[in-house]
Amino acid sequence: MPELPEVETVRRGLAPVMEGAVIAQADVNRPDLRWPFPENMAGRLTNQKVLGLRRRSKYILVDLEGGESLLIHLGMSGRMLISGHKTGDYHHDHPVPAKHDHVVLHLDSGVRITFNDARRFGAMDLLPTVGQEDHWLMRDLGPEPLGNNFDEAYLVERLKNRNTPIKSALLDQRIVSGLGNIYVCEVLFRAGIHPACKAGQIAAKRVSGLVPIIRAVLEEAIAAGGSSLKDYRQADGELGYFQHGFQVYDREGDPCVNPDCTAQITRIVQSGRSSFFCPQCQR
DNA sequence: CGGATGACCTGTCGGC
DNA sequence: TGCCGACAGGTCATCC
């Protein structure tokens with residue numbers, strides 16, 4: 001699920017219930033996800049007040065009063081669930097964890113935040129809030145696509161002379177951080193660029209055109225998450241999953257959405273990952 | 001160095 | 001119904 005828009009939707013869903021709350025108890029049900037959890041994670045989270053939630057690329061950062069931040073990455077299958085009371089005292093309420101409920105945060109409000117991740121490609125870590133941009137998972141990230149440091153001149157420069165397919169280049173988090181397989185497919189369709197085009201051979205004008213398209217696709221997806229999920233939360237408390245009408249992703253064999261086009265959406269595999277595109281509209 | 005591939009995990013789906 | 005392979009929204013380590 002989680003590319004930048006989904007992670008942002010999860011952050012927006014968690015923020016109102018977590019900010020200002022105290023983590024009364026943290027259940028850590030296994031020693032690791034993709035990597036081992038940090039030393040004494042449960043203890044370091046316990047009795048910490050949550051100051052705020054931020055996002056960097058696909059990472060959620062939970063700033064704690066004691067000077068550390070909890071880093072959360074959802075991997076491929078990570079989900080956050082909100083459950084329990086919205087008000088009232090903390091009751092030491094401990095339902096039996098569901099399968100793959102790896103970490104449960106019990107807030108002093110009675111609300112529980114559960115991190116569930118079947119494939120365990122997700123991650124959690126604790127790091128100093130100050131200087132966290134130097135953390136090994138974040139230090140090499142490229143600019144935020146919705147931020148001021150991502151612009152036409154930057155992208156043209158970064159793609160210059162690159163021999164890799166544009167699909168791979170846009171998935172490279174060091175160039176621009178936050179795009180994943182779905183939104184790269186959608187961006188390239190909207191830009192009319194074939195995913196196998198060598199990045200360095202695309203005219204600067206067309207590369208420049210990618211910048212506003214990337215921004216628009218991500219902003220529309222974030223907006224769709226907000227509207228389709230109401231307060232970012234589904235009835236079962238799960239955050240961040242919403243069906244957004246994709247124009248090419250997972251539409252192999254379906255007709256192109258362009259009314260002037262009679263072609264079918266095609267799937268190819270590039271560096272082990274599916275790319276969906278219209279062979280007529282994308283050159 | 002750049003670029004491609006394998007690896008990490010579990011779940012789901014379609015075909016036989 | 002069961003079994004098997006293909007595939008899944010990420011990204012790091014390794015190989016050429």
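The first residue you see is number 1, and the count goes up from there.
From the backbone N, Cα and C atoms, a Cβ is placed for every residue, glycine too.
Heads up, TrEMBL stuff is auto-annotated, nobody curated it.
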Query: Out of A:Arg112, A:Arg119, which does TrEMBL tie to the same DNA site as A:His100, A:Arg162?
result: A:Arg119
Query: Just the number: how many Å between the Cα atoms of A:Pro2 (active site, schiff-base intermediate with DNA) and A:His100 (DNA binding site)?
result: 17
- prompt: If you skip the near sequence neighbours and keep only those at least six away, which residues in the chain come within under 8 angstroms of A:Arg273 (active site, proton donor), Cβ to Cβ?
  reply: A:Leu171, A:Asn181
Statement: Neighbours of A:Glu3 (active site, proton donor) among binding-site residues A:His100, A:Arg119, A:Arg162 (C-alpha cutoff 10 angstroms), in sequence order, are none
Message: When you rank A:His100, A:Arg119, A:Arg162 by Cα distance to A:Lys58 (active site, proton donor), which of the binding-site residues ends up on top as the closest?
response: A:Arg119
